[in-house]
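Participant: There's a structure below that I have some questions on.
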Amino acid sequence: MWYSKCSWTLVVLVALFALVTGSCLEYGHSCWGAHGKRSGGKAVIDAKQHPLPNSYGLDSVVEQLYNNNNNNQNNQDDDNNDDDSNRNTNANSANNIPLAAPAIISRRESEDRRIGGLKWAQLMRQHRYQLRQLQDQQQQGRGRGGQGQYDAAAESWRKLQQALQAQIDADNENYSGYELTK
């Protein structure tokens, strides 16, 4: 009897574990997004999407301060004046500290990328709008039998007809003038 209860419990536990494996419940989240009830906390989502800035800037500044401190101690061990050691420390710190920490640069780059992305999105919207207008104009032109579109051959034929008609009219004027004097 106890064997059947134990085996049934094990089957249920294995089945539950199989259902949980690979889902968000495996990681301790309580998201029911697929069912539309609730999703994970906003702080958790933001932490996943926006990782902390790179600590390279902080590490490099700490390393430079450590090296400057060692240089300062070496200068004091050489029995130099305090003025000389201060000048060395100041010169070293001015040359070694970066102008902007990489963490700040990465924030600026991400903002620039975001702004650049918005600019590209706006340009693409304008391009799609202009393309849609052009396609609409072309479709309207085809629907009316080609009217509304520029046709170079038809335009040159029209100009040729006008030039020939002007020539015929000019010849008629000149010819009719001679006949009147008769």
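Glycine residues also receive a Cβ, built from the backbone N, Cα and C atoms like all the rest.
Keep in mind the model is a prediction, meaning the values are calculated, not measured.
Pulled these features from Swiss-Prot for this protein:
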type     : residues    : note
SIGNAL   : 1-22        : signal peptide
DISULFID : CYS24-CYS31 : disulfide bond
MOD_RES  : HIS35       : histidine amide
REGION   : 67-103      : region 'Disordered'
COMPBIAS : 87-103      : compositional bias 'Low complexity'
REGION   : 133-154     : region 'Disordered'
CARBOHYD : ASN174      : N-linked glycosylation site
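In terms of burial and nearby residues, how do these features look in this structure?
Facilitator: Around the Cβ of ASN174 (N-linked glycosylation site), the same chain contributes no residue under 8 angstroms that is 6 or more positions distant in sequence. Secondary structure at ASN174 (N-linked glycosylation site), taken from DSSP and collapsed to helix, strand or coil, is helix.
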